[in-house]
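Asker: So Swiss-Prot lists these for the protein:
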- Gly108, Ser109, Asp110, Gly111, Lys112, Thr113, Thr114: ATP binding site (BINDING)
Amino acid sequence: MRIHFVGIGGIGMSSLALHSRLIGEDVYGSDIYESEQTEILRKLGVKIFIGHNYNNWLYPDIVVHTPAVHSDNPEIIRARSNGIRVVSRFEFLYDILNNGKTQFAVTGSDGKTTTTAMLAHCLKVLGEDPTVFLGGIHRSLEFGNYRPGKGPYVYELDESQPEFSRFSPDYMIITNARGDHLENYSGDRQLYRDCFRSVVMSTRKSVVTFSEDENTSDLGTWTFGKSINSTCRLIDRNRNGLFQFAKIEINGKEYNLTLKVPGEHNILNAMAVITLLWSAGHEVEEVLKALEDFTGTYRRFTVTVIDEKRKVYMIDDYAHTPDEIKSLLSTTREVFPSQKRVVIFQPHRYSRLMREDGNFAKALKDADEIYITEVYSAFEQTIPQISSKVIADGLVSYGKKAQYVADADLLIENFQLQENTIYLFVGAGDIIRISQKFAKMHAKK
């Protein structure tokens, strides 16, 4: 079968393209720019067109598209005019999974990628040989966001579209549900919650939910969190640099958890994985042992030393919701308690900025100095009356040193590095380009 992927370089799409290529399908596709993922695919013999064009056409049997691609895309138009089946990446993933293998899914607003990576790591260590579809990059996976295997499927189930509700995993973790993509549910919170309820009802064996999440805590077979009623409860947590140690209780029995990744949110992510694998019949002690060797996911608290002597560091992080930013700043304070924190934040999507209103300023006010760049639209239509300047204005009203910057490149070119300072580059767009430029300009050899 010949498969055309429209938006082939995206994290979610490239994992599907990798899977298809490695099982012997004829794969090609298009994207608007080159990336590490397109380079990997090319090395496997995948033809990739840069730019979307009516002539990007090799007579496919099926066309798969990312949610960022709309019906006016010329390749979609040509496919439909020729009677070629056009499906979303959700539909395509659903078809891949529908072959009788055991399925482990992770969904929710925050922490999906790290939790999925933890789950995949543990199943690999436990000898399950999983096939993994990840919504980020983890270096332990053969292709970063994809791992071929003969065992169960492990996948990140993106809740941004109502289509996720049709999936039927055997085991599922819901990290939380905050309505981060409510615009895709017509702003209807009840519809959003009903979609979570639907996928829970379709889950064949067990569902693990966060006991403190008001939208989904009651949907789980088992729960994790700080609540006394949690199946897996956090009793105590200590830390030493990037390492942390927790005492947890599962079904009345206490255990010790050690992680090499910082932040209470990662302890909770690990607890979700422990609870799910315990429900699937794995020994808790074996899961705890596997988690000791887990390393962080790319762009999740990625630390770079800029100038060790002057104690200047850079953190690159994908955080793009207010809750994720709060966790990031809290973790930074834990790991680097004496350093000043300077944040360069790129808001992601106009709809999110509009929906969250003043929540970004509230989340960012824990930083010492904040620079807000222009919104990364992520293929959304520009909303002229919405500007990221509103975040900077909100921070100034809190008495913070904050500034809106139209040109992030110019900002870092003129930065005078301050000693004993952490520079945090935060967002889900192309802020990584700015962080990489910053590191190249300022890092001491």
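Using N, Cα and C of the backbone, Cβ positions are placed for all residues, glycine too.
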Asker: If you count other Cβ atoms within 10 Å of each one's Cβ, which of the binding-site residues Asp110, Gly111, Thr113, Thr114 has the most?
Answerer: Thr114
Asker: So if I measure Cβ to Cβ from Ser109 (ATP binding site) and keep only same-chain residues at least 6 apart in sequence, which ones fall under 8 Å?
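Answerer: Glu159, Thr175, Asn176, Ala177, Arg178, Gly179, Asp180, Thr321, Asp323 - these are the non-local Cβ neighbours of Ser109 (ATP binding site), listed in sequence order.
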Asker: In the same chain, which residues outside the set Gly108, Ser109, Asp110, Gly111, Lys112, Thr113, Thr114 have their CB within 8 A of the centroid of the CB atoms that define the ATP site?
Answerer: Val106, Thr115, Thr175, Asn176, Asn269
Asker: Counting every protein chain present, what is the number of Cβ atoms, excluding its own, within 10 Å of the Cβ of Lys112 (ATP binding site)?
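Answerer: Around Lys112 (ATP binding site), other Cβ atoms within 10 Å: 24.
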Asker: Take the Cβ of Gly108 (ATP binding site) and count every other Cβ within 10 Å, whichever protein chain it belongs to.
Answerer: 25
